[in-house]
Amino acid sequence: MSKRKAEERIKDFNEVDHGFSKQDAILESLRCMDCVRPQCIKGCPVNIDIPGFISAISKEDFRKAAVILKTDNMLPAICGRVCPQENQCEGVCVLGNKGKPVKIGALERFVADWERENGVQIPEVKEKTGKRVAIVGSGPAGITAAAELAKEGHSVTIFESLHKAGGVLTYGIPSFRLPKDIVKAEIDKVLELGAELKLNHIVGRSVPVDELLAYDAVFLGTGAGLPSFMGIEGENLNGVYSANEFLTRVNLMHADSFPDYDTPIMKKDKVVVIGGGNVAMDSARVAKRMGADVILVYRRRKEDLPAREAEVENAIEEGIEFVCCANPVRVLGEDSVAGVECVRMEMREEDASGRPCPVPMTGEGALFTIDADVVIEAIGQSPNPLLISLVDNLERGRKGNVIADEETGQTSIENVFAAGDVATGAATVIEAMGSAKKVARAINERLK
Amino acid sequence: MAYKIEKAEMIAENIFEFWINAPHVAKNARAGQFLVIRINDKGERIPLTVSGVDGDLVRIVFMKVGKTTMFLSTLGEGDFIEDVAGPLGHPSEIKDWGRCVVIGGGVGIACLPILAKALKESGNEVTGIIGARNKSLLLLKDELASHCDELVVCTDDGSFGYHGFPVDILKKKLEEGVVDCVWIIGPAIMMKITSLATVPYNVRTFVSLNPIMVDGTGMCGSCRVTIDGETKFACVDGPEFEAASVDWNELMTRQRIYTEEELKARELFEDHTCECGGH
Ligand SMILES: Cc1cc2nc3c(=O)[nH]c(=O)nc-3n(C[C@H](O)[C@H](O)[C@H](O)COP(=O)(O)OP(=O)(O)OC[C@H]3O[C@@H](n4cnc5c(N)ncnc54)[C@H](O)[C@@H]3O)c2cc1C
Ligand SMILES: Cc1cc2nc3c(=O)[nH]c(=O)nc-3n(C[C@H](O)[C@H](O)[C@H](O)COP(=O)(O)OP(=O)(O)OC[C@H]3O[C@@H](n4cnc5c(N)ncnc54)[C@H](O)[C@@H]3O)c2cc1C
Ligand code: SF4
Ligand code: SF4
Ligand code: FES
């Protein structure tokens, strides 16, 4: 499976990766050894029958492959594109020992795209139970829970604050990684199961808490949408954005197409992105496509970057400059950003998580300045406290996350369950989905 | 799901009053809260204060200042707004303060009736002070008067009421020692200057901040303001804050971030000769 050339793809927001052609998919599927003890299944957070669906591809039975995939993963078109496969299924594939694991993610994407083009089979919906479930949030967690519970015949209502569903899939991940028509198609399929979607409904405000708790069961999938700021001087100057704001303006509001679209954004030449995860890579690559010279500042070493491997590679190819072992100290400027003062970091002994710890250097040469017009802080997100703070007796963790049982999603309130980023803090799409699926099963049991 | 404009009226030069059918907002909105609208698929999300509620309908009063409000003003009864989200923000702190003074300037005057009504219903004595360039801009004056024990009207040109500014009236009331709590709603510079009057008197003074917003739900930080040296998000921590704690200069500087883009958008809209009046 190939991808578009860097110098060409940075001129637009179209998808970077070409999917497999039919021949290439079959060829790749033949590489799989159909292992007796397939490690790949354990590597997948939802334990997809990987050798099973790959084998079906090799026999050109794509419909069967889709059925196998969909048994465990409702959004394969999305996961195939955004899962950090190197840490999951592909990371433990036995062929990885020879340096080339089977391209499981790409094969999953192939099957999902094929199914979308050839007609998706809507699963059966059981008889109506008369039970009402409120799903708060339409990100991967909420969508998955909604689908599972709608299939069981419950009356499901999904509440979403924004004017479009999908959560981070819509506002966070750029279209060159995840086309929005695909996100919409996946969500529409869920709605066909009978779930009702209410956009522009902020639960806690548009839906008061007592109205929410009157549902037979409540699923909280409100994610981790609160952006973190560094707390450094100059952070409120014009031109400093949280990655959430920057990405939302472009991905959700199409500010890159201003003035054709009304939402503005600062379109400047020198952009500095702070952070090292997927959010930072996405911010950097979006800024690049808007014509800027982009420098990414990360406090640890290049090899420590937590972003998805493929995205780091793509960012480098696209000409983003990496300044590692450096951390911003101050944003400089009068009313608007003029530069960022940074301090060099050196790696010392391990911290609590077992990783070598970055420590600011001192003395001459430790401080340096990078010229900038825009600074994007992509240093992390935590659960949005808006709804959580309005619900009495909802037990929370230190980081603002909702305390929920890992298996059942049970919170400190009897009919309230939670899964996804709101419970775990910022994590991954597949973890949000896998967890939501388990929790939906537990809710279903409770409603019997 | 689009939201129908049930009533649309121009109530002063460049100022419009719309009633929109949005039950999820209307049924839950309280004084001090706002909503966010997105007119159509290419539109910007802009915040507007809840000026009144009536059953399923919510009222907004807005001034034509740029592309979105200009386009909005061309819509009328029977037209639809694609998205209306709310109510957002913390409601005003309504309790029995004693003697309240509610002050409005510019389009902020239209935010006062719903506030005065709530304060009155909680047992407060309510004095309203509104100021505008001239008589025609004293928005919703009679409605406000019906919820106040006393309404003092000011005009810059003296064409009606007191010839001067609300802050002059406020100062007199403060000197008389008859004020327990003050609300000031209007353009940032007006709120800043007016609120300086209450500082020596140690009287609770609420202002409603109006930074640039995108979502209005606390997920982006566009609306961040500095209150007592700490960063707060006006859309979820506010929009009302204690006046003396606000970093006004920062707020006003941040409001100017897109001046260039806003000018361009306005020019393009004004040049647009399409008969439909839209994009
Ligand atoms: C920029 C970015 C890039 C990422 N890239 C990847 C990647 O490549 N691979 C990967 O696996 N993961 C990635 N992630 C992480 C992944 O997207 C998240 O883990 C996942 O989206 C979490 O899903 P969720 O359903 O829990 O929450 P979200 O996707 O955050 O959805 C929560 C939804 O709830 C809504 N909501 C919140 N509060 C309320 C309320 N009170 N009322 C109504 N609605 C409410 C929000 O508007 C939102 O739509 C990325 C995240 C970001 C931000
Ligand atoms: C909580 C809150 C309540 C408000 N209530 C009212 C109201 O009841 N009536 C009313 O007339 N106005 C109100 N405003 C201001 C209103 O949002 C702006 O006038 C409107 O967004 C201007 O958009 P425009 O495209 O017409 O003008 P533009 O030309 O885009 O902007 C004109 C000016 O409006 C401000 N502005 C622009 N975009 C935004 C934005 N996304 N969010 C906030 N401010 C922006 C800027 O300071 C700018 O200089 C409120 C603002 C806030 C934050
Ligand atoms: S869902 Fe993700 S981890 Fe599981 S098989 Fe697909 S790409 Fe791999
Ligand atoms: S571990 Fe690799 S080779 Fe073995 S079954 Fe899984 S994908 Fe195929
Ligand atoms: S407008 Fe986005 S956080 Fe307040």
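Even glycines carry a Cβ here, placed using N, Cα and C.
Unlike curated entries, TrEMBL annotations are predicted automatically.
Here's what TrEMBL has on this protein:
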- B:Cys220, B:Cys223, B:Cys235: [2Fe-2S] cluster binding site (BINDING)
- B:1-94: domain 'FAD-binding FR-type' (DOMAIN)
Env. residues of [2Fe-2S] cluster site, Cβ within 8 Å of mean position of B:Cys220, B:Cys223, B:Cys235 Cβ: B:Pro211, B:Met213, B:Val214, B:Asp215, B:Gly216, B:Thr217, B:Gly218, B:Met219, B:Gly221, B:Ser222, B:Arg224, B:Phe233, B:Ala234, B:Val236
Cβ neighbours within the same chain of B:Cys235 ([2Fe-2S] cluster binding site) - under 8 Å, at least six residues apart: B:Pro47, B:Leu88, B:Gly89, B:Met213, B:Asp215, B:Gly216, B:Thr217, B:Gly218, B:Cys223
Integer mean pLDDT for the domain 'FAD-binding FR-type' (B:1-94): 97
Subset of binding-site residues B:Cys220, B:Cys223, B:Cys235 within reach of chain A (CB-CB under 8 A): B:Cys220
Cβ-Cβ distance under 8 Å to B:Cys220 ([2Fe-2S] cluster binding site), same chain, at least six residues away: B:Val214
Listed binding-site residues adjacent to ligand 3, that is, members of B:Cys220, B:Cys223, B:Cys235 whose C-beta is under 6 A away: none
DSSP helix/strand/coil residue counts for the domain 'FAD-binding FR-type' (B:1-94): 11 helix, 44 strand, 39 coil
For B:Cys235 ([2Fe-2S] cluster binding site): DSSP state (helix, strand, coil): helix
Surrounding CB atoms that lie within 10 Å of the CB of B:Cys223 ([2Fe-2S] cluster binding site), all protein chains: 27
